[in-house]
Every structure is written in C-alpha cells, then in structure tokens.
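> One structure is given below, represented as structure tokens, and several questions about it will come after.
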Amino acid sequence: MTGGRGTTGLIVGAGILSAFQVGKAPLALEAVRADLGLSLAAAGWLLSAFAIVGAVAGMAIGLAAGRAGMRRLAVGGLLLQALGSAIGAGAGGAPLLLASRAIEGLGFLAVVVAAPALLAAITPAPRAGRVFALWSTFMPVGMTIILAAAPLLPVLGWRGLWLGNAALLAGCALLVALRTKSLSLPLPPEGMGADARETLGRRGPWLLAGLFAAFCMAFFAAFGFLPTILGERLAVAPAAASLLTALAILASAGGNLVCGRLIARGWGHRGLLVIGFAAMAVCGLGIFTPSMPGAGAYVSCLMFSAISGLIPVVLFDAAPHYAPRPDRAAATMGLLMQGNNLGLLVGPAAAGLLAGSLGWPSLAALVAVVALAGITLAAMLPPRRAELSGGAKPSAAPS
C-alpha cells in the first residue's frame, strides 16, 4: 500500500481541483454570457448541467466503483473532467458547452465517490475523524481558490481558464495514478444487484440522499449567482465581487472543521442538521431581502456559508453508519452523491428561472422552503446502525 500524509494531501487536492470545476462557472458566468449571448435562465443551466449525469446515475457509479476499484474510478474521474474542460474551452455555443459540463460532472462524481474510500484505506483509525473533516473542506476550499483567481480572468479569458483547468486535472490524474498504484481495496463479496437491493431497501440512505439534495439545492441557489448579486448589491466590480464570494464560501470550511470537532464530542447528527438548515433559511432572508443594507447582506452570506458547513460533514460521517454493512458503503455514498448532484442540478436552474421572472428576492422563499424540507427529512432520520465493521459501536450520543 502506498499511503502517508502525502497521499492524503494528494487525494484531498484531487477533490479541491474537482471543486474548481464547480466554482469556475460562477466566476466566468458574465464573461460566458457576453461571449455566447446566454440569457439568465440559460446561464442557470450552465451551472446545473454539471450535475445532470450525477443526478440520475450517482448510485450506479457507486456500485460500479465497488466492483471496478476506487483507484481507477478516481483517476478516470480526473481525466474525464480534464476532457470536459478541454472540450468546453472550444465551444462555440451553448449546446456543446452544456454537454462538456455534463462530462465534467460525471468525472467530478467519480472523484468524490472514490476519494473517501481511498482515504479510509490509507488512514489509521485514530486519525480517521480528522482526515474526513479535512476531506469535507474540499468543496469550499476549491471554490474559494478558483474564485480568488478572478483577477486572472481578464488575462486568460474564460476559455483560457477552462484550458488551464484541463491541464491541472490531467497532471493530478497522473500523480494519483503513480502515488496509489500499490493500493488495493477489498471488493464486496456479492454482485452489484445485491448491493443495490440491500442499500435501496433501507430508509437511511434515501434520507441522506434527500438531505444532500436539499443542502445543495439551497446552497447553490443562493451562491451560484452570488458574484452577480454582490456586484449589484455592493456596487463593486466583477473581480471584487468574485473575491467577496470566495471569502464567503471559505467560511464554509470553518463550519466543516468545527463540525468534525462537534461530532467527535458526541453531538448528534439530527441536531447538527437542524441547526444548519435553520441557519440557511434565516440567512437567506438576509441575503435576498431588498431592504437589507449591502453590508448586512454580505454578513448574512458569511453566516449562511459557515453554519450550513455543518451539513456535509454530518452526511459524510453518517453514510457508513446508515449503510446496510461496511462493504455496502460505496453504494450508500453513490446514492448520497446522487442527491448532491440532484440539488446542484435543480438549485441553480430554479434560481435562474425565478430570478429572471420575479427578481432576486424570490430566492429567499426558495431557500426557505428547501431548508424546511431539509429539517423535515432530518427529523425522519432513523437511529444509526448499531454496529460497524468489527462490531465497533458508533458514537454513543443520540443521533
């Protein structure tokens, strides 16, 4: 096995690079709209197309990963994202660009399903909690870095940004392939059909998928257009709006790390989920209410991001607890990420349609309704599976 902290950092880095592909669309949204003549509604689909494949095939990818191997899935996912980004750089219109985003989304899903299993294989049990809290920061950290690159956009152009990402992804794929070449993971003893039946027959994995869908729908409905919204509310240039968005998203990483500590101290999953979703509903009002001063709206963005950062850590931590058995965790993670992609698909598209017809304030209602749905699903979450691999008990705290 090839392990160690360097490999851990490389795998987390692969997640961060994958998050670049989510964040580059909001960053370059206005440049792409100007170049290709896209409406606001069409721009919403530019954000959502990334998630189309994952929204319908997330669990299938998790099942295939369990049979084909997480290492190959991670490397293949990075290469798919590189291919999609390169194709998108040459797009002359919306159809090809949207198709390239779907290819990138498939690769993204492959990486985020495979990476946790790779990390579990190389991480000693005493460090597992800290490593998975670190992994949970990949999305906010990646989006922060790419949005902080806003000053490069006038130099590179959006097409240059896409090509640069393709090169980084291809290089990362090579490094991951070399660094993990001796890493082996056990395969489930039964076929994919048994994986699917056992996972889909449990209520817990479905609820986790629904919770991730609600989180991503609310988060990306609010933050997918945030550079544009902040540019209008604060009357700042696009580069400054992107940097402010980057700082707001980075606040989520703080919430991720705090949540890891809270879980280690025995805080229950359901309580943390309710706190996160309630904050999204309340802070969404602050972001989108026209009477809120611009500075107040931005503070609401920071709070929205930081407190909602509790949610993904809880869901990643909960997945093995709610899987039928430890060797079914890949299928459960795939279903979880299918919910993630469904929310990423629907959230920006719905936000674009609402904002285009009713204005930005309508997004406050959208976020509140979705957050309320998340609270309802959290309340329905059953007690965690009593025993994990080797008979170890999960946290004694109530869920």
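From the backbone N, Cα and C atoms, a Cβ is placed for every residue, glycine too.
Heads up, TrEMBL stuff is auto-annotated, nobody curated it.
When I checked TrEMBL for this same protein, it listed these features:
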{"type": "DOMAIN", "residues": "7-386", "note": "domain 'Major facilitator superfamily (MFS) profile'"}
{"type": "TRANSMEM", "residues": "45-66", "note": "transmembrane segment"}
{"type": "TRANSMEM", "residues": "78-99", "note": "transmembrane segment"}
{"type": "TRANSMEM", "residues": "105-125", "note": "transmembrane segment"}
{"type": "TRANSMEM", "residues": "132-153", "note": "transmembrane segment"}
{"type": "TRANSMEM", "residues": "159-178", "note": "transmembrane segment"}
{"type": "TRANSMEM", "residues": "206-230", "note": "transmembrane segment"}
{"type": "TRANSMEM", "residues": "236-259", "note": "transmembrane segment"}
{"type": "TRANSMEM", "residues": "271-289", "note": "transmembrane segment"}
{"type": "TRANSMEM", "residues": "295-318", "note": "transmembrane segment"}
{"type": "TRANSMEM", "residues": "330-354", "note": "transmembrane segment"}
{"type": "TRANSMEM", "residues": "360-381", "note": "transmembrane segment"}
> For the transmembrane segment (206-230), which stretch among 78-99, 105-125, 132-153, 271-289, 295-318 has the most Cβ pairs under 8 A?
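That would be 295-318.
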> Using Cβ atoms and a strict cutoff of less than 8 Å, what residues sit near the transmembrane segment (271-289) while being 6 or more residues removed from its termini?
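The answer is 211, 214-215, 218-219, 222, 229, 255, 259, 262-263, 296-297, 299-301, 303-304, 307-311, 314, 360-364, 367-368, 370-372, 374-375, 378-379, 381.
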> Which one, 78-99, 236-259, 295-318, 330-354, has the most C-beta pairs under 8 Å toward the transmembrane segment (132-153)?
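The stretch with the most contacts is 236-259.
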> Average the pLDDT scores across the domain 'Major facilitator superfamily (MFS) profile' (7-386) and report the rounded value.
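Taking every residue of the domain 'Major facilitator superfamily (MFS) profile' (7-386) together, the mean pLDDT is 84.
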